[in-house]
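According to TrEMBL, the protein carries these features:
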BINDING   ASN152, LYS153, SER154, ASP155, GLY206, SER207, SER208, GLY209, VAL210, GLY211, LYS212, SER213, SER214  GTP binding site
BINDING   CYS287, CYS292, HIS294, CYS300  Zn(2+) binding site
DOMAIN    104-264  domain 'CP-type G'
DOMAIN    113-262  domain 'EngC GTPase'
Amino acid sequence: MTLYDLGWNARFEAEFADCLSKGWQPARLVRDNKISYGARLGDGAEMEVALGGAVYHEAATDAELPAVGDWVALEIGDDGNEYDAVIRARLTRQTCLSRKAPGKSTEEQVLAANVDVVFVITEAGQDFNLRRMERYFAILQRSGARSVVLLNKSDLYSDEENQVAKAKLCDLNPNVEVHITSALESAGVDVLRSYLKSGVTIALIGSSGVGKSSLINQLLGQEFLWTGEVNGVTGKGMHTTTARELILLPGGGMLIDNPGIREVQMWTDAKTLKESFSDFDHIARDCLFHNCKHGSDRGCAIQAALKAGTLSKERFANYLKLDEELEKLRKRRKKRQLTISRRIRRELKSKGEKYSRKYDVD
């Protein structure tokens with residue numbers, strides 16, 4: 001095994017040059033243990049590593065801390081602590097899959113770093129929700145990774161139901177590849193394997209109970225992950241994956257498994273949202289006014305398309321909802337930043353007054 005088998009490339013190598021001169025070694029984070037990390041070196045060795053103080057204090061937010069999939073610089077040696085090495089730096093991410101942290105937080109939550117392909121797992125039945133898929137597509141647009149949808153559990157539905165669901169997804173986003181799979185019957189799993197090769201990292205995301213763990217077991221050729229039952233009443237699955245982990249696959253490539261996502265909250269910007277809804281942007285170019293709000297404005301091409309039925313009312317309503325959600329998040333983040341700035345100014349002022357009093361006395 002080499003670093004390149006783990007996803008190393010010329011860009012990372014160039015950035016690591018300064019770290020190399022300090023005697024540090026490159027490694028990829030494969031597990032987040034909350035108080036430590038699992039890291040894999042180029043020779044395949046795995047070790048438990050601690051987060052260095054400088055890296056921790058230089059991170060302005062939790063999203064800037066190392067995450068599974070990140071490349072880091074390790075200082076290896078006995079420094080008196082219980083870990084094998086210390087993380088001294090995190091390399092710039094090539095791609096980053098993230099969402100707004102669950103709850104009322106205004107923080108970004110990183111789901112996976114340096115991922116090449118992201119597979120969104122869903123099914124043609126109870127989990128199928130076009131509005132939720134629009135949310136997924138928006139966060140995937142920002143990630144920089146290639147996007148693929150797997151309609152899993154195809155054995156539970158008729159060919160017609162699976163094909164109708166696939167057609168709806170293709171209409172929703174023509175740029176996203178959609179495949180029909182069944183982990184139970186091993187149908188379509190070869191399609192998933194076709195994306196994998198040495199050095200390529202994929203990530204699987206989706207609701208609980210859509211068969212992510214079963215697909216991973218198929219890729220590994222063994223029962224590596226426990227698979228759970230779906231609640232017969234709610235149609236929701238249990239969280240069989242409880243922590244993010246980067247798994248080396250026997251046929252080459254790597255996979256980052258994520259716990260089931262029940263809350264797909266946006267973490268993007270207005271520009272990326274528009275790119276995700278590019279069909280709206282094309283229509284909006286025909287609006288009479290460049291600053292059209294797409295409401296009751298005269299000459300609005302969007303409203304004309306809605307009346308003509310060439311634009312989905314449900315899709316447009318969801319776009320407005322997501323846009324409003326982003327605006328609220330922007331305002332909350334701005335308010336939080338102002339609060340932090342005021343607190344810092346007060347602390348600096350207080351320290352300055354204490355210093356002045358001490359100086360006057362002396």
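Keep in mind that glycine also has a Cβ here, set from the backbone N, Cα and C atoms.
TrEMBL does not curate its annotations; it predicts them automatically.
Positions of TrEMBL features highlighted on the structure.
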residue : record              : CB count, 10 Å
ASN152  : GTP binding site    : 29
GLY206  : GTP binding site    : 25
SER208  : GTP binding site    : 20
VAL210  : GTP binding site    : 28
LYS212  : GTP binding site    : 27
SER214  : GTP binding site    : 22
CYS287  : Zn(2+) binding site : 19
CYS292  : Zn(2+) binding site : 17
HIS294  : Zn(2+) binding site : 18
CYS300  : Zn(2+) binding site : 20
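In three-state terms derived from DSSP, SER214 (GTP binding site) belongs to a helical segment. VAL210 (GTP binding site) and HIS294 (Zn(2+) binding site) have their C-alpha atoms 37 Å apart, to the nearest angstrom. The separation of ASN152 (GTP binding site) from CYS287 (Zn(2+) binding site), Cα to Cα, is 40 Å. Sorting each residue of the domain 'EngC GTPase' (113-262) by its DSSP state yields 45 helix, 35 strand, 70 coil. Candidate binding-site residues: SER154, GLY206, SER208, SER214. Nearest to CYS292 (Zn(2+) binding site) by Cα distance: GLY206. Mean pLDDT of the predicted structure over the domain 'CP-type G' (104-264): 81.
Separation of the C-alpha atoms of SER214 (GTP binding site) and CYS300 (Zn(2+) binding site): 48 Å, rounded to the nearest whole number. Cβ proximity to the Zn(2+) site centre (mean Cβ of CYS287, CYS292, HIS294, CYS300, cutoff 8 Å) flags the following additional same-chain residues: ALA284, LEU288, PHE289, LYS293, GLY295, ASP297, GLY299, ALA301, ILE302, GLN303.
All protein chains shown were included, and the count of other CB atoms within 10 Å of the CB of SER154 (GTP binding site) stands at 25.
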